[in-house]
């Protein structure tokens, strides 16, 4: 009946449990692989072996040190009997030692485990190749490593998991499959945002020892069974890496914003704090920085920070930082070997504005596929489009108003499935008026449209400026908040979407100069959000 919790103090060492206010070790009589699996999976490390330590002349100093420690340790727990499916040792049957008892662990000594980090935490690249992480299960929408909405790949289509009967056993299978420890939390009710598209699984019933969620019994889903408001999510146990100790932000108005500073080794072996050049700084790099800081999502990545306090600025120590957005730390991103920054003053240092919540914009891919077509549009109908730079460069040499341009047209629906409304960064006072179309632009570019050849080279491009960013429609139970009428507030509410129909000016790619053939059509967001899924498919042009 005592309250207790567990910790493993070393990757390779004596197994300790925390009982009330004291650490005590465990008896090796339960020294079986399944028990070490439970302990180590909490730390996001894999058990490699479990051994009773006997000193000999051939053993390392490390093992000898462990042997000496075992002679001194008070043993608190014994007769632990796990099945191997428990998510932590506290769930296993066990016995505590009685006060002043010395006979309950006859012939035994404290248990010792040796652990191997999960593939995400391995420093040795050769070992990373040997330990595989699932490619048909992923986490989306989380601000921290090891948390997110569970998505699974079925028939080349990503979908979510319904939260009916979702528990720690099933969540732990997902966490271990992705290289983390067991699950701290099995989240229900779309706590980390709603997904989009199909729901592939319902009533998942994992025992806890499965290597993949696909090995667990589950029911196929129908639209009547579950909605995206019931998407399952997880928070996994992740080993403490201390990454936040080598990064800080300074000069901001709140502790969520400021110039990014890194602690890096100097040439003389000491460490010093320094700034990052802002020239290549984008939201992807800011996402990694906010994650490393433990401050959630990146609201903005700033290339200039002249408006913040500069009374105690440091020198620039890093430049050319380029991240994918998935890294755990800025030190894992690409960067210049030596600092090379054209604007090296502190006012051009990289900065971030982090947030506990963020919007998450995704494209409705099937709608693009359903609505795409080619139109030959007369030049005399494209004067406003040319003014807004919606045609390819060769249009400037055309014989206006005669002739036409060949346009690849389609509808684009952008949904906000995040946990915060999306709004343009610029206030209404700075929106730009376009007289030709008779409307304001709240953002220069909202969406990019690219046409790529088989090699991935861009052969044509387009873009859509946001002249009206509003809630076209919303899912059931969600009310519209944004509309453009009467110079209204623009944005996209969580659970709503903005629709740009195929017959709106600039909702196209100018393919006049593109030869007939197979191409990759790519739609990607130009907005500063944490992540934006995009569609790739191959239309036949003629």
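We count from 1, first residue shown onward.
Glycine is treated like the rest: Cβ placed from N, Cα and C.
What TrEMBL says about this protein:
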DOMAIN    137-237  domain 'SRCR'
DISULFID  162-226  disulfide bond
DISULFID  175-236  disulfide bond
DISULFID  206-216  disulfide bond
DOMAIN    247-355  domain 'SRCR'
DISULFID  323-333  disulfide bond
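A straight line from the CA of residue 333 (disulfide bond) to the CA of residue 236 (disulfide bond) spans 24 Å. Taken residue by residue, the domain 'SRCR' (137-237) breaks down under DSSP into 16 helix, 33 strand, 52 coil. Its Cβ taken as reference, residue 236 (disulfide bond) is surrounded by 28 other Cβ atoms within 10 Å in the chains shown.
When the Cα of residue 236 (disulfide bond) is compared against those of the disulfide-bonded residues 206, 226, 323, the shortest separation belongs to 206.
Cβ neighbour density within 10 Å is lowest for 216 among the disulfide-bonded residues 175, 216, 226, 323.
The closest partner of residue 323 (disulfide bond) among the disulfide-bonded residues, by CA position, is 175; the full candidate set was 162, 175, 206, 216, 226. Proximity of residue 206 (disulfide bond) to non-local residues of its own chain (separation of 6 or more, Cβ distance below 8 Å) is seen for 169, 170, 172, 173, 213, 215, 216, given in sequence order. The separation of residue 162 (disulfide bond) from residue 175 (disulfide bond), Cα to Cα, is 17 Å. In terms of DSSP secondary structure, the domain 'SRCR' (247-355) contains 17 helix, 38 strand, 54 coil.
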